[in-house]
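Enquirer: This is the structure I want to talk about, given as C-alpha cells.
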Amino acid sequence: MAPMGIRLSPLGVAVFCLLGLGVLYHLYSGFLAGRFSLFGMGGEPGGGAAGPGAAADGGTVDLREMLAVSVLAAVRGGDEVRRVRESNVLHEKSKGKTREGADDKMTSGDVLSNRKMFYLLKTAFPNVQINTEEHVDATDQEVILWDRKIPEDILKEIATPQEVPAESVTVWIDPLDATQEYTEDLRKYVTTMVCVAVNGKPVLGVIHKPFSEYTAWAMVDGGSNVKARTSYNEKTPRIVVSRSHSGMVKQVALQTFGNQTTIIPAGGAGYKVLALLDVPDKSQEKADLYIHVTYIKKWDICAGNAILKALGGHMTTLSGEEISYTGSDGIEGGLLASVRVDHQALVRKLPDLEKTGHK
C-alpha cells in the first residue's frame, strides 16, 4: 500500500509561500525596529526609550519629576565643576569676546558639567527642548539614567503630579555660572543652574553652589526649599551688581537712592539672586535689589527668575517688562530683580539706567 501524503494544488502552494514570507517580514522588521530603537536612530542626542511621563508623540511630563531630575543634574554638574577646580587643570580658553570686550571664557569645568547635565535631562525627558550655554557634541553621547524616584523633600512640598505638555517645555541649563570668577578661584560665586519654562514662563528653578553644596529650588504655584528674608530696605537698598560694571550702576544708584546706598560687586547671576534670599551659607552676601544694565543670556537668569517668582518676587527688564524664555537666547533691556518690595515703583525710579547700560 502506498504511503499516505498531502497534495497541494498550485494555488495552495502559493498561499502557503505568501504566509511564510509574511511571517519572515514581520520578524525581520521587528528586529530592525528594535535595533534602531536601541541605538537611538532618528532621535535626539542621548535618545533611546522615552523617559518618565513622555509618550511617543511627545505626551506630557510631570513637573515634579522634572524638578527632581533638574536638582540631580545641577548637583552632578557641580561635582564636575568642583573636581576640575580642585585638580587645578582648567584647560582655560576663550570662546570669543563679550559685548563689553572681555574674554568669554570656557574651561573643562564648563564642558564636563554641561555633558553630565544635558544628557541626564535628555535621557530622562527626550521630548523636551533643552537650551544650554555650551555646545553639545552629538558624537560624544552619553546615556545617564535617572532612578525615577522623586525625593521626599519635593514630595512633601508638591504632593500631586503637575502634568504639562512636553512640547510646551523649554529647559535652560547653565553648567557653570561665573566662569571668570571660577578661573580666578573665587569659588563662592560659582553655581550650576537649571530652569524649566512652560510656554515661555519660568516655572521651575534650581541653583546649586558646588563648593558649599547648597542647593535652592522652587516651583511656581508649587513649593520650595528656600524662602525670602523677613525684611528688605528699598529706601536705601544694598544693590548687588556685576563686578564688571559696578561703577556704572553705582553712579545712577546714588543719584536715585542717596549716598547711603551700598553697592555689592559680585560674580554670577545665580549668586546675585541668592543674595536676595534667606540662604544658610556663610559665604553668601545679602542684598535688597539685583540690577544688571547690559545684555545677558537667558540661561544665566531663568532659574533665578523662577525661584523669585515662586516666592512672590519679580525679575523684569529695567523698563518693567516680563522676560519670555522662548526664541532668542538673550535679552537687551537690562535686569531688575526684587522680592517683597514694590517692584513697579522701583522701575519708575530707574528711568535712565537702561540708557546708561547701552552707551
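Every residue, even glycine, has its Cβ placed from backbone N, Cα and C.
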Enquirer: So Swiss-Prot lists ASP174, LEU176 for Mg(2+) 1; which of GLU133, GLU213, GLU234 goes with them?
Expert: GLU133
Enquirer: Among the recorded positions SER242, HIS245, ASN259, LYS272, ASP300, report those whose Cα falls within 10 Å of that of ASP174 (Mg(2+) 1 binding site); none is a fine answer.
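Expert: Cα within 10 Å of ASP174 (Mg(2+) 1 binding site): ASP300.
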Enquirer: For GLY268 (AMP binding site), which of the binding-site residues GLU133, LEU176, ASP177, ASP300 has the nearest Cα in space?
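Expert: Closest by Cα: ASP177.
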Enquirer: What whole-number value in Å do you get for the largest C-alpha pair distance within SER242, HIS245, GLY268, LYS272, the residues recorded as binding AMP?
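Expert: Across SER242, HIS245, GLY268, LYS272, the two farthest Cα atoms sit 14 Å apart.
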Enquirer: Under DSSP, is LYS272 (AMP binding site) part of a helix or a strand, or is it coil?
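Expert: Helix, per DSSP.
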